[in-house]
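To keep things clear, I will list the structure first and then write my remarks on it.
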């Protein structure tokens, strides 16, 4: 979520430092200083450490001593540097007299790649030292980001190498190299693969130096991608073979490439091209009159940010476009700005305001409630979210409001305060914000809103306003009362439900409304205290070694143990290339109570006895009498850091050799169990996360059988030498694999939780197997001769939006729950949704929900509009509930009450609280609601409709005056430009559609509208903003803390103008004839066609343990009639430098002024699910053509280091000679759409789906082929300098 904010909060001096000063600063930071680090964890006290800047890698590092680096941050990730004690890390020690540093001696570094930034809070020894660090780091931040790509690669290579070569010996082992390449997403099949390539580099044995590593990297990158169809590559490769350094791209050749292929008009000037090449290479030895690229450097340029598909000229703010009324702009807007996570238990933070403002957000929300001492607090009312002071928020806004943008900021006030506290709010607005607060109109006689230029550096208040002449009065609110809004709940919080399998209690979020109790799926109980550190249980020191991978126990009797140890070490070190010092520890066969250390040195196994003795009843361990340890674990840890010394050698213990058969004693392992037997066992445990591991018949092969989403699934595990493989993830052992997936999801959200064996089945297994977990409704007969089982009726969840094409179909949105589903053949099912019963919908748009366990009587009738939204697990009707406190508690929980229902016999739900007070309050409120449900609902509606407003606060409202939306006023004299309306997304959807979209756009041409997420989005997810934008809504408020597609689209919309927060809507939208949903209403706008080939990628991020198998989805998002997506094939096991086969993708865009081109890189996992890796989204109007790099971002829209796609992109006008060609993109796509529609609508209610619809499918395929041929022919005819929006200057 990169913005354009200055890194230093309060400025960084009068000007840029001179070259001499920069040199002095860099030398000083490289030497480092001793400073005190204040931690974010309460359990850690401040410590003095040495802080240094590593210029070779552009990192800040810290350590206690000179040897071991304890931590590091990349300078490229630093977002802001603040002088003073401006973080909560200092606040934790205010009461400790030992840690009260001088304000002028402190500074804070904020860094990270997510919305919520991390802090490095430091105390220096003097104010001069603080200034040195701030000034030096500020220069380094800018210089690091602006460095040319080859220099960034050099720094990245050194960072990777030094992460292994921590002692800076300039050498690493082949095993280290193999592991390093795996970490950067490159599959090394075996050690021989590396040896062959290292031989090419004249490295025949021993360790690898940095120079050899760097050369290997360049060789791997070029050899993998030289097959791409690129200019110069084919002919040059024939001449140079595998040696790219034997062939060059000269200055004239590069100039011609820029002109002919890239359409770069600036390249007509050879001097500019020369300067560009020199600045890219930045090599003193290459500063010659005619610079050149080696072939691998040319390919590197194609993937570089310097060759971006985005036209960087659009990054600059154009003041001439800032003179329209505010209502003509899209304005970057945040919802519940103060939150850092979900809507019910996350932290409210001042940093969230600072982050949003520095990202260019221009409309932020303040949710104000009565607080102590007469001053409001800000939080999400009636939830567990933490509270922050209103006055602190104002100071934060003042400090950060105009750092990223000088254009106006709108404060959207959600006011729940009393009159007295409203008056205090008004006073503080004026006191803190001063002259920046707008208190009077810019022009008294204006007939429209002022422009961004007229409101520069002004802050506007959005709040309800009194009628003229009132001191205070009750005014109607524009919000309809809804008991499904969590802010209107009577009580909510964390309670606990017992797991029926392991009888542990897990937290769930409960909400009590005026008529129902809602509760969520399992959640975290401490989201609001993310800085708290859970104390770890420490085993007895004498047993610490038992779980270490290097401890092998008793390997055999007599000399067998010695021989087994030698075999294990020899096989492991030869196969993996493990270094000297690789070791294992085993019980001694000769001396009871002693152990043997076996290690690898110079190609042989050596053994050393570890002695033990009792000292005052406590065991002690030692190799030599003069150095004794309290435990075997301490001894081994010591010699991993300090060398073993003897007359012949000195050597540290390096790599532990893992146990090979440790899994055989585990409760989840079954040596002789068939697939059918495993399934039968799991059918008796109807809980997700139940699992077992079984040996398969194939050599070195295992299977994990588990339950997820109500179904039994299997995945194969393969032993390959010393490595255990699950998909493309590598583990040292089967035990390590299971341990990893007990902490991380194995399949979607499912973690391995309940190990299953016969003993476990006796305790928790059901008497009757759950056959529904194994057999789908489409194949109900699990015995061939049995009568068919009745069709299952289940619930499904929508994966995508779907709009009905016929009267007998359902319309639903993504995540909708469709009930009472009947699975039919032919790809179409029936179900109930939105009040419609048993209508058709496509089965591939949904996924089946987990079979509901018989805990919740209303689970099959879940309320789709509940306050918990997608987090909902169950709902209870309060008037039907009976509450009973269990004085004795239950299963180690003291504070338990039961909920039962008279209508459901023999059913109750046991719920636990954290305290007696909490239990009593819940029981009291539930009983009250049960008695007064109807009256409370009526009272709530009445109270919410009337609100008192203080005059002092009302007077601060000038332009943003919220009023109830009145459709009848649109286009009449009663419409006032100062009035605006707010809509939850559900209400907005009633206007942003074909029926009313044009009318709503007319409203937005004069007045502001604000749209915000519905209250049920407790997970802080976002809605699709595109329909709101195209209908003219200016303030489309999103949860900035959530890294989802809507926020990525938001970042793309506002990327022009340096994220200034204001984007002028296209002039088309101000045309009275324009209809957002009718492409025939477009006037004066030329449609375009885009052809894209995805050629390759570099430096894709990892997702978990394995090497990724990436594919790319290309999407055009914009007007409803333009939106479409296509995808490439996936590449197996390569995220470092994958290449895709040549395949053009074609897109037709009718409204390019409101269109985005979006690339998303996914990986396909072993379950054929797609997992997000990276994305890049651009407005179509700013795209360049030719062979272009697509710099990739993470899900928070932060730049990924060196990650990019290489594409070939051409953009054509869709019309030729003024008329549409019979084989133009438009006509072919419409013909294809017709054929697709026939295929889609003509589904079989009976009979064969395949036979009846073969012909429409064939017509669709032929149309698509014609479209591809059309693009190819146009590409051959079109000049190479095709461009969009003028000059494609870099």
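Every residue gets a Cβ built from N, Cα and C, even glycine.
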Considering the residues 292, 496, 771, which is the one that Swiss-Prot annotates as phosphotyrosine?
771
Phosphoserine per Swiss-Prot (candidates: 487, 1233, 1251):
1233
Among 669, 783, 833, can you tell me which residue Swiss-Prot lists with the annotation phosphotyrosine?
783
Report which of 93, 518, 1196, 1253 appears in Swiss-Prot with the annotation phosphotyrosine.
1253
Return the single residue from the recorded positions list (171, 335) that has the minimum number of other CB atoms within 10 Å.
171
What is the interatomic distance between the Cα atoms of residue 171 (Ca(2+) binding site) and residue 977 (phosphotyrosine), given in whole Å?
70
Taking the domain 'EF-hand' (152-187) as reference, which of 320-464, 489-523, 550-657, 895-931, 1071-1194 has the most Cβ pairs under 8 angstroms?
1071-1194
Given the modified residues 506, 771, 977, and counting only Cβ atoms in the protein chains shown, which has the most within 10 Å of its Cβ?
977
Which one is it: of the modified residues 506, 771, 977, whose Cα lies the shortest distance from the Cα of residue 176 (Ca(2+) binding site)?
506
Take the mean position of the Cβ atoms of 165, 167, 169, 171, 176, the recorded Ca(2+) site. Which other residues of that chain put their Cβ within 8 Å of it?
164, 166, 168, 170, 172, 207
Applying a 10 Å Cβ distance cut-off over all chains shown, what neighbour count does residue 176 (Ca(2+) binding site) have?
22
For residue 165 (Ca(2+) binding site), just count the other CB atoms lying within 10 A of its CB, please.
20
Compare 489-523, 895-931, 1071-1194 by their Cβ pairs under 8 Å to the domain 'PI-PLC X-box' (320-464) and return the stretch that comes out on top.
489-523
Which entry in the list of recorded positions, 169, 380, has its Cβ near the fewest other Cβ atoms, using 10 Å as the limit?
169
Going by C-alpha distance, which of the recorded positions 165, 169, 380, 506, 771 is nearest to residue 335 (active site)?
380
If we check Cα distances from residue 977 (phosphotyrosine), which of the recorded positions 167, 169, 380, 506, 771 wins as closest?
380
